[in-house]
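If you check Swiss-Prot, you get these features:
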type	residues	note
BINDING	Asn319, Asn320	mRNA binding site
BINDING	Lys323, Gly366, Asp390, Asp428, Met471, Phe472, Thr473, Tyr476	S-adenosyl-L-methionine binding site
COMPBIAS	1-19	compositional bias 'Basic and acidic residues'
COMPBIAS	44-65	compositional bias 'Polar residues'
COMPBIAS	73-88	compositional bias 'Low complexity'
COMPBIAS	100-129	compositional bias 'Polar residues'
COMPBIAS	133-142	compositional bias 'Basic and acidic residues'
COMPBIAS	148-157	compositional bias 'Polar residues'
COMPBIAS	257-279	compositional bias 'Basic and acidic residues'
COMPBIAS	537-547	compositional bias 'Acidic residues'
DOMAIN	310-668	domain 'mRNA cap 0 methyltransferase'
REGION	1-281	region 'Disordered'
REGION	524-547	region 'Disordered'
SITE	Lys369	site 'mRNA cap binding'
SITE	Lys375	site 'mRNA cap binding'
SITE	Arg402	site 'mRNA cap binding'
SITE	His475	site 'mRNA cap binding'
SITE	Glu592	site 'mRNA cap binding'
SITE	Tyr660	site 'mRNA cap binding'
Amino acid sequence: MYDPARDSWEERDGDEARSCRGRLASDQPHAVFSPPEQIHGASGENNNTTDLQQHPDPSSKTTASAEVLYAESQPAQPTTQTPPSVSTRIQSPVDPAAQKASNPQSLTSTAQNQLNKSNTTMENTSGSATPKPRADPSDKPNRPVQVASPTDQNGSQGDKKRKLPAEENASEKSQPAPDRPVSKRKRMEERHQKLRKRGRTPPSAYSRRDAEETSSAADRNGPTYRSTSPLPPPRSPTPEDQPRQRKRPGGGARMGLVDRETLRRRQEERERAQVEEAMRASQSRGVADVVRQHYNAVPQRGREWRKTESKIKGLRSFNNWVKSTLIQKFSPDEEFLARFNGTKEWAEDGGVPPVEEKRLLVVDLGCGKGGDLGKWQLAPQPVDLYVGLDPAEVSIVQARERYNGMKSGRGNRGRRNPIFHAEFRPKDCFGEWLGDVDIVQQVGIDPNVGPGGSVMSSRWGGGGFDVVASMFTIHYAFESEEKARQMLRNVAGCLKKGGRFLGVCPNSDVISARVSEINAKKKARQAQAKKEKSDEAPEDGEVEEDDGKVEWGNQIYRVRFPITPPEDGVFRPPFGWKYSYFMEEAVEEVPEYVVPWEAFRALTEDYNLELQYRKPFLDIWRDEKDDPELGPLSERMGVRDRVTGKLLMTEEEKEAASFYHAFCFYKV
């Protein structure tokens, strides 16, 4: 029952205003479909008839229109994928007393009941062939439910309760049509809630990602979108590489003959390249490894054994005396020699100014076991630093032990000067740059020497050493031009301007003379043999024997060329002429190389080295044996007899000694 004071409906027991929806659902679950046109028409006719009977005035039209509006405002049933079902709309009998009532409230109540009865829910049944009616939003717009009253025709109450179109759509979308009218208070609360500004939803865990995707998509579609940097172009495949094929079971069995041949050829090429690389590596190393292994294997013998039991003790003593002579004559600088010899002229009214004695800085390329340490200790000008370099590690260890023995006083033979400071390093002096040695860097080395260097460096630059010595070693550098130039670059880089380069090596003039003599004798023998056999026909298959080897020597030394040297003895090109040298108790068939002297001297000019001295060993003895310093030194070293003055060497040792010569270059 509708209560005007509360503007709401109240239910009572037995009241027919109870919802017809519940009664239809409980009493008649299965209904027969009735078209909506008939339903609206029937309800419209009954309502119009009742209104005409009770109110023949125009106000009756308002009630009928309200009923039609309420029926149209009901939402359409949603469609599904199942076939449309048949539903029946059943009207409950209308109470005549309610229609004849003159009270407007009862009239309104009766109209509301009729509208509720007409909007009974339609239940789905299977097997229906009639389509379910759908509401057309274009033809029937959604409108709020308004119950007509007698005063609506003047526009007083209906206008006040009517909602805005936006509110009507929002209200119908938010909740379904109620079974009964909503109270005014509830409608006001719903209106305020809808008009209230909706708060921002709290961000979720994926809000930032979704926002970035949305913004990035919008930016890409915009006109000002700027693309990222382009990726680098893909690398083109190697022409030799074939596209990778898929691996399938049994694919190897389907390999063709062409693929097998290609694989075999590639394998052979790889093996050939490995062999060539190994050969190049061995050739680049040359005889350095062989020489190092040989000198590492030579046992260390004492001084007493060399003087008493050695078979070549005379040759050993003579070689040491020649090296001492070279050190005594050319290790001091010009100022020291002028002061020592008294050849420098001073002012008449003044004496010799007191000058602090300058000490030498010496680097020895191929120091060996340190056999020359005592010779440098007896040098006329004292030595401040001695640096010994040698590729044989064992020899470096033995040289360091010998130096430590000299420092401790063992083997002191009345030396005049205090022992100098010495440093020993294992280093290939001819195949590598000496600038990598720490002590050489500290003293100083010039990397700009030689061809291609700066003019200012060659004029004013230079290293920090006074003397560079190389005793019986430079013939290992003539394996190739690169090694020879590297050796001279190390020498010139270490020397300061005015420095001396001392050394001894095999005499190429002796080698050339020997080769020419041997070739001449061989030609004479061949001519004699050809003359003797000219009358006799050679037997079938007989070949004249000619090994082509050139060698000479005696019981204590031997020189052998593995290949035929030039007949005239002139070695062209000047590098790579290898021979094997044997020396009793010293050298066991070690490969060495010819040092063509004129080619070597021309090469030194490229490194600002000027030749000052060069003599064979026997000529040095002839010129220096009567020197007041070197003559007595030869007697003390056992080279000459103290009584007779005879050279204490055999003829074989003299022949072996004649194979070498000494030299000295100045750095200009």
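Every residue gets a Cβ built from N, Cα and C, even glycine.
Keep in mind the model is a prediction, meaning the values are calculated, not measured.
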In whole Å, note down how far the CA of Tyr660 (site 'mRNA cap binding') lies from the CA of Asn319 (mRNA binding site).
9
Please find which two of Lys323, Gly366, Asp390, Asp428, Met471, Phe472, Thr473, Tyr476 have the most distant C-alpha atoms, given that the record lists them as binding S-adenosyl-L-methionine, and give only that distance in angstrom, rounded to a whole number.
22
With H, G and I counted as helix, E and B as strand and the rest as coil, say where DSSP puts Lys323 (S-adenosyl-L-methionine binding site).
helix
Just the number: how many Å between the Cα atoms of Tyr476 (S-adenosyl-L-methionine binding site) and Lys369 (site 'mRNA cap binding')?
18
Can you figure out which of Asn320, Lys375, Arg402, His475, Glu592 (the recorded positions) comes closest in space to Gly366 (S-adenosyl-L-methionine binding site), comparing Cα atoms?
His475
Integer Å value for the Cα distance linking Asp390 (S-adenosyl-L-methionine binding site) with Lys369 (site 'mRNA cap binding') is 9
The correct three-state DSSP answer for Thr473 (S-adenosyl-L-methionine binding site) is coil
Integer average pLDDT (0 to 100) for the domain 'mRNA cap 0 methyltransferase' (310-668):
87
Running the recorded positions Lys323, Lys369, Lys375 through a 10 angstrom C-alpha radius around Arg402 (site 'mRNA cap binding') leaves Lys369
Determine, from DSSP, whether Arg402 (site 'mRNA cap binding') sits in helix, strand or coil.
helix
Of the recorded positions listed here (Asp428, Met471, Tyr660), which is spatially closest to Asn320 (mRNA binding site) when Cα positions are compared?
Met471
Look up Lys369 (site 'mRNA cap binding') in the DSSP assignment and reduce it to helix, strand or coil.
coil
Relative to the Cα of Lys375 (site 'mRNA cap binding'), which of the recorded positions Met471, Thr473, His475, Tyr660 has the closest Cα?
Met471
Which state, by DSSP, holds Asp428 (S-adenosyl-L-methionine binding site): helix, strand or coil?
coil
